[in-house]
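If you check TrEMBL, you get these features:
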{"type": "DOMAIN", "residues": "6-117", "note": "domain 'Tetrahydrofolate dehydrogenase/cyclohydrolase catalytic'"}
{"type": "DOMAIN", "residues": "136-276", "note": "domain 'Tetrahydrofolate dehydrogenase/cyclohydrolase NAD(P)-binding'"}
{"type": "BINDING", "residues": "Gly162, Arg163, Ser164, Ile228", "note": "NADP(+) binding site"}
Amino acid sequence: MSARILDGKAIAARIRARLAERVATLSFRPGLRVVRVGEDPASGVYVRNKDKAATAAGFDSATIHLPAETSEAELLATIARLNADPAVDGILVQLPLPPQIRTEAAIAAVDPAKDVDGFHPLNAGRLAAGQPGLVPCTPRGVMHILAESGVALRGARAVVLGRSQIVGRPMAQLLLGADCTVTIAHSRTKDLAAECRRAEVLVAAVGRPGMVRGDWIAPGAVVIDVGINRLPDGRLVGDVAFAEAAAVAGAITPVPGGVGPMTIACLLENTLDAALARRGAG
Ligand code: NDP
């Protein structure tokens, strides 16, 4: 193995420590509310981890857990109450939602100034227009990893594998904003391997275990693996075949311990940004 391992866990810990120091100097505690509907088991783990990290960094964090049969109108009423609450700076609606609730309706109901997931169309539009706004946590986390690892982005050929609203698209916008030449590849792309081989920076966010093989990677490329996939035997793996890729790449994020831990750190960053902007201290 030749690649440098990009340790997202360590970078995330440093970000959380810096945030905690910053929050300790404020005259208020930034308020984060996570809204969870129903009993999706993976969501339960995520929500608990978010709550724990937020509280440890000095945020005023709470989860509002609504029953699985909650109607869309009831969820929107809860979001409206949080929008109107001056102590609440950030609102996150945990996905997935039960089938009777339209995800787009829930996302659009969150006040864009409190939209710490960065999923509201206004924030997505701001990002696409190159304007400041709240940016989705996972792509923001990837940009931190690249910056803290000293990866030169200006003029670099970047390939983003995946075009979801949550990861792929905002990731491509952020890389474009950092002056990369960006290609977005997806399930209709003709020759994925050839596109990937052109990348100096490759970000994989497809949700297919080990899909990116070693021979898809240019020697020395920086490989960021956003994928989190649970195998039948319980192991957690990324979208990149790690051992093969690490033999070719210049640097690579592991799974777990790469991009995953950055997402919560960036949620806290977004919450602090939202708090400072709302309270006029930004
Ligand atoms: P989505 O399922 O929403 O999107 C997947 C994207 O990958 C789509 O654009 C899809 O293309 C593309 N794709 C799927 N299969 C293929 C294929 N065989 N060839 C080429 N492209 C393909 O997933 P997300 O973006 O939400 O998540 C991606 C991965 O990242 C998942 O493993 C998820 O668990 C992980 N994740 C990790 C986070 C973290 O904290 N680290 C946070 C969020 C997600 P098309 O649009 O054409 O269908």
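Glycine is treated like the rest: Cβ placed from N, Cα and C.
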Position of peak Cβ density within 10 Å, selected from the binding-site residues Gly162, Arg163, Ile228:
Gly162
Suppose we draw a 10 Å sphere around the Cβ of Ser164 (NADP(+) binding site). How many other Cβ atoms does it contain, all chains included?
16
